[in-house]
Amino acid sequence: MKWTIHTNDSVLNEQHDYLAAGVWHQPVVSGFSKEMDDQMKGGLTDLIKEGDVETKLKQVTVLPTMGALAAKRVLFTGLGKEADLTFEDLRESFGALGKTLKKKKVSTLAIALDSFKGKDFDATDVAQAFIEGITLAMYEFEGYKKKSNVPDVPLDEVKIYTQGDAQEIEAALEVGLALAEGTNEARTLVNMPSNLLTSVKMAEYAIEMAKRHDFEIEVLGKEEIEEMGMGALLAVNQGSEIPPRMIVMKHQATDKWEDVLALVGKGITFDTGGYSIKPKDGIVGMKADMGGAAAVLGAMEIIGRLKPEQNVMAVIAATDNMISHKAFKPDDVITSMSGKTIEVLNTDAEGRLVLADAVTYAKQHGADYLVDVATLTGGVIVALGLDKTGALTNNEALFEKVLEASVEAGEFIWQLPYTEGDRKRVRNSPVADLNNSPGRDGHALFAGAFIGEFTGGTPWVHLDIAGTATTKSAHLLGPAGGTGAMARTLALLSEQFVLERTEK
Ligand code: BES
Ligand code: ZN
Ligand code: ZN
């Protein structure tokens, strides 16, 4: 999609097939709506009064102007009351606009950007929300049908009319586009089936990304993983025909490799449950068990484009969790890279196993902060539902940063308790240092607490996205399927680090 920014021209005097404008829910039209109303000789006021133009939040009206304005059609986007509008609302309003653009197959759009400016948002905020909202909303997974799911008429030109600073707006558009396209990349990875997105393919994808963004990359194959003693990742991979991969990518922003934020992702390309096999209803959809890896890769795509002044390392443990005569079994005792032994009580609690080795690797390679993201437990869905990511932490200050980033991204996170009781439960084994499944009561907490055993005091936040990585129904910012949850939060987290440093 290409855009042009017009700071001197009046949008109302030019001909456009589609013109997007924001409209407030207020007793008397004002601002840009007033200008339009004047040109229409009070026509807009009448249309609003009659309910033909909707002013309620996130409602879009397509209005043919029949010669009353230079533009052929106006896409009115309802913004509700100015005092109530949040950034999240604004982004979702643009989501609603994006859905309309897709439905109407709009290829060229003009937007009166300043008509969306509110008391809390200037033109640059609006520009970011606009590109982010429409790009997320218009996303479609291509699929594998003879005819692609992606519409044949994409939006390929946007003309932005504003009195704002062109350079600042350009920068805000780049940010919004990077955030949305990184998220969309994550969605695509989640939507791909595991026969096509294997651990090996995921590593190839990462290598391509690293080339694009000049990241340092290292992909560990099975032999290296064996040499390093990653017994937990190897155990999960044991039943598979496809070798495991440990994918490590670095965005180095300073001369020294210090103050490193490590993003650690669960990349189970398919989770059968292993010998603790999943029931037939629970197994469908387990191609999405690499949602954590997708979030990390999506975040790295954003980071690669925006290049924050923050050292970031991505570590992804990738394998499927299969059954065969070679597969690991309940009662097995395995030795993780850290040297800690683990009694396997449930082969379906595999995510925490691969993450144990990924976290250990990250620590050994200079991680000063750890954030792991994983579709880890059905328990988090029972606790928080399908629209909230569960979090655990050993460091409140780091959690605060993650929380701030999540608020900025519009992604809901809720902190769960991490207590001595939970730690005791994961340490309770007669034969090993740890067990991987202490019971079903509070198992979202035990799963997180298990990973905590490998953090060794490094500030750490765990994000369980089992509920949020996918969605069954379409929403204002995208279709059903992979959501790309946490890609934007993780990317914005790296910006939070920079912010904090500059504020010091
Ligand atoms: N991949 C699943 C968690 C999951 C469940 C993700 C539903 C997405 C949707 C994970 O590996 C798993 O199987 N967890 C078990 C843990 C149990 C064995 C302690 C679970 O949640 O039931
Ligand atoms: Zn599992
Ligand atoms: Zn799993």
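Placement of Cβ uses the backbone N, Cα and C atoms for every residue, glycine included.
Together with LYS266, ASP271, ASP289, TrEMBL lists one candidate of GLU208, GLU343, GLU350 for binding Mn(2+) 2, that being GLU350. In three-state terms derived from DSSP, GLU350 (Mn(2+) 2 binding site) belongs to neither a helical nor a strand segment and is classed as coil. Calculated from their C-alpha atoms, the gap between ASP348 (Mn(2+) 1 binding site) and ASP271 (Mn(2+) 2 binding site) amounts to 8 Å. Other than the site residues ASP271, ASP348, GLU350, same-chain residues with C-beta atoms no more than 8 angstroms from the centre of those residues' C-beta atoms, the Mn(2+) 1 site, are VAL236, ILE268, THR272, GLY273, GLY274, SER276, LYS278, ASP289, ASN321, THR347, ALA349, GLY351. Across all of the domain 'Cytosol aminopeptidase' (346-353), the predicted model scores a mean pLDDT of 98. Sorted by the number of other CB atoms within 10 A, the binding-site residues ASP271, ASP348, GLU350 start with ASP348, the lowest.
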